[in-house]
Structures are given as structure tokens and as C-alpha cells.
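S.K.: Feature list, courtesy of Swiss-Prot:
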BINDING   G82, N113  anthranilate 1 binding site
BINDING   G82, 85-86, T90, 92-95, 110-118, S122  5-phospho-alpha-D-ribose 1-diphosphate binding site
BINDING   S94, E227  Mg(2+) 1 binding site
BINDING   R168  anthranilate 2 binding site
BINDING   D226, E227  Mg(2+) 2 binding site
Amino acid sequence: MQKIKEYIKKLEEGCDLSSEEAEAALEEVLSTAEDGEIETFLLALKAKGEKPQEIVGFVRGMKKAGNMIKPNTPFRIVDTCGTGGDGLNTINVSTAAAIVTAAAGVPVAKHGNRAATSMTGSSDVLEALGIKVDLSPEYVRKTIEKIGIGFMFAPVFHPAMKRVAGVRKKLGVRTVFNILGPLTNPAGAKGQVVGVFDKNLCEPIAYALAELGTEHALVVHGDGMDEITNTGETYVAELKNGKVSTYTLTPESLGMLRASPGDTKGGSPKENARDLLCIFKGQKGPKRDLIILNAAAALYVSGIVGSIRQAIPIAEDAIDSGKVMVKFNQFRTFTGEFYQIDKKQGFIPGKTALSPSRVSMLSPASGEQA
């Protein structure tokens, strides 16, 4: 029996949904609800404001409908992912930071998609760099296990999202789906740096991550940016040891130079790819500093250091020693090889249904360690 109308009425009356109700509502939205009902539901929720328990329910519903993987790694897996939607068109900070983090020895399961409001999304710049982004889930798992980094293309891992694409486009406003991406990491990353487009989302998302089992997370909003910024103050809600604390960071407090907003602007996928390659090869400047700050945050939530500041020299060394270029080349080579295998097996991103034999590979196979 459909309950979406009941949930809409409750939201319109200003009442919060329980996590169970939110999960059930999300399941209807992704399956049987009509477009008009989806539209009304999303707008009513937006008008009321999303609460942590509602976000938790939506995330659980998304994961239930998605393709999850369980990579076997020696250390805590981390993700660097932003909501996007800040409208600032900076370079691809979280994507570059993910590669730097992996080069420093921390396994990364990067969740991402194409550009929503900026010129260049994470998958756009990776493709411009020659990295195959639309691998099947089991080959993403293998990439993470073999080289310590994998990219999880949202349409492959969350195919049910196609169901709401038309409504979201028609609405043309931010909805709860804009904040679910960073929270629905298909590899179950336990360390996360989550950038958000609105400072007021930092604490609700941190509390939601606590409920979802994340071990250490930084939910950040920096000077209008969904990253830790080097152009001004960054507001942080940190989840650690089950508790959430809030504070403000500045570039100076982390030993970095302050930059001007124009110094970190991005461009087209090709332009951003060129910038990232120059940085990976050692070019210094504000864009490199921005990437280092966010990679240091990822290293911090991985548990290998006790603070972001302690991690900055590690991130710098990963670039200066050449480790980042080695990791980048591995990433490009492995994804290219696995893409060809996928192609031979008939995998079509977003279209090919996973057979039972392929689904069984989404977690370590028999004989492998869990």
C-alpha cells in the first residue's frame, strides 16, 4: 500500500519523518510514486528542512536500491566527496585530493558523478585525464584492492536514481538528493571528508553519518565552497569517537598561505585536467595548496595522523616525491584494462543488469578474505 500521500501531508504540516518513514518514502519515490507526488514530496521536505534521522532513512533506502561493494583493504577506506552546487566553479579539488591521498598509502573509494552546476564534475575531469570511470562494481572493487583507489560512478552504483532525474531537472532547485551522494558511498567508506554547499548542513550531516556508522568524518563548508578552502574560513562539523564537534579553520591556522577566490577557479574538463597534471608533476601555487589541504583532511580521517596539520607534509611529499604521478598512471592503466574486460563481457553502464554470478563478486569471493 502506497503511503507517499501520508508522508507528504505530514511534511506539509511541518512534522518530521522517522528514519523508518523516510526510508519507506524513498523506496516509493524510486519505484511506484508518480512524478507529481515525487515533486510535491521533495518540495515539502525542502520547505520543512531535512533532519538527521530523515537523512539516515533516505541513505538506507538509497543503499538498499544500489550496488554495494566490500573491498578488502588493510586500512580504513576514505572518500572525498562534495555535494557540489556551490556555484563557484573551482578546480576538481576532491578528485585530485583522492589521488594524492591514495598515493600517500590510504585506500580511497571515490564516489562521484558528472557536473551538476559547475562546468566539470569528478567523472568529467577523470575522463579528460584518460581514466575510465564507468567500470562495473566488481572491477571497481578490484581496482581499490590492487592499487588503493577506485572511482564509483553514481549512475552505475545507484541506477534507480534515473527514476527521479526528470523531476529533479524540472524542479531546478536543490533537494535532499543533492546531499545524498556523499552519504551513500557504495564501498561503505568509514572515513569521509564531505563538502556541503550550505554551512547549515554541516551538523545535520555529521549526526547522520554517526548514525550510519561512519567512524571519522569532517563535514565542511569553506568560504562558500564545498571544500576546505584556502581563501577564507572553513566551518567544520567533525564526527570522531561517536561525538560531533564544530570549529573553524583558516589557511593560516594550518600553516598555509591565504589565496584569492580567483586563484582557484576551474574551467572545462580539458582545462582542469591540464591543471591537475601540472600540479601532480610538482607545480606550486594556490590550486596545489587547496588540493593539499583537502588531501591532508582525508589522511586525517583515515587515522594515520592526529591532525590535518600533521598530514600536510605527507600530502606534499606524495606530490614532490613523484608518488602521485605513479598512482595516477596506475589508475589510468588499471581502469583501462578492466574497462576492456567489462566490454568483452557485455557490461553497459546503467543498462546491463548484473547477473547472479557478477553480483557475487561485489564482495570478496569464496576463498578471499572478507
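Here the Cβ of each residue, glycine as well, is placed from N, Cα and C on the backbone.
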S.K.: Can you figure out which of G82, R168, E227 (the binding-site residues) comes closest in space to H111 (5-phospho-alpha-D-ribose 1-diphosphate binding site), comparing Cα atoms?
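M.R.: So, of the listed binding-site residues, the one sitting closest to H111 (5-phospho-alpha-D-ribose 1-diphosphate binding site) is G82.
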S.K.: Tell me the Cα distance separating R168 (anthranilate 2 binding site) from T90 (5-phospho-alpha-D-ribose 1-diphosphate binding site), rounded to the nearest angstrom.
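M.R.: It is 24 Å, counting Cα to Cα.
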S.K.: According to DSSP, folded down to helix, strand and coil, what is H111 (5-phospho-alpha-D-ribose 1-diphosphate binding site)?
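M.R.: Once the DSSP labels are grouped into three classes, H111 (5-phospho-alpha-D-ribose 1-diphosphate binding site) ends up as strand.
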S.K.: By the count of other Cβ atoms within 10 Å, pick out the sparsest of the binding-site residues T90, S94, N113.
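M.R.: Selected from the binding-site residues T90, S94, N113 on minimum Cβ neighbours within 10 Å: N113.
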S.K.: Counting only residues 6+ apart in the same chain, whose Cβ is under 8 Å from the Cβ of the residue listed as 'anthranilate 2 binding site'?
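M.R.: Sequence-distant Cβ neighbours: L42, T175, F177.
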S.K.: D226 (Mg(2+) 2 binding site) has how many other Cβ neighbours within 10 Å of its own Cβ?
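M.R.: Result for D226 (Mg(2+) 2 binding site): 27 neighbouring Cβ atoms inside 10 Å.
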S.K.: Whose Cβ, among the binding-site residues H111, R114, has more other Cβ atoms within 10 Å than any of the rest?
M.R.: H111
S.K.: If we check Cα distances from D226 (Mg(2+) 2 binding site), which of the binding-site residues G82, S94, N113, R114 wins as closest?
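M.R.: The smallest Cα gap between D226 (Mg(2+) 2 binding site) and any of the binding-site residues is with G82.
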S.K.: Starting from the Cβ of G82 (anthranilate 1 binding site), draw a 10 Å sphere and report how many other Cβ atoms land inside it.
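M.R.: I count 26 other Cβ atoms within 10 Å of it.
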S.K.: Taking DSSP three-state, what's D226 (Mg(2+) 2 binding site) in: helix, strand or coil?
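M.R.: Coil, per DSSP.
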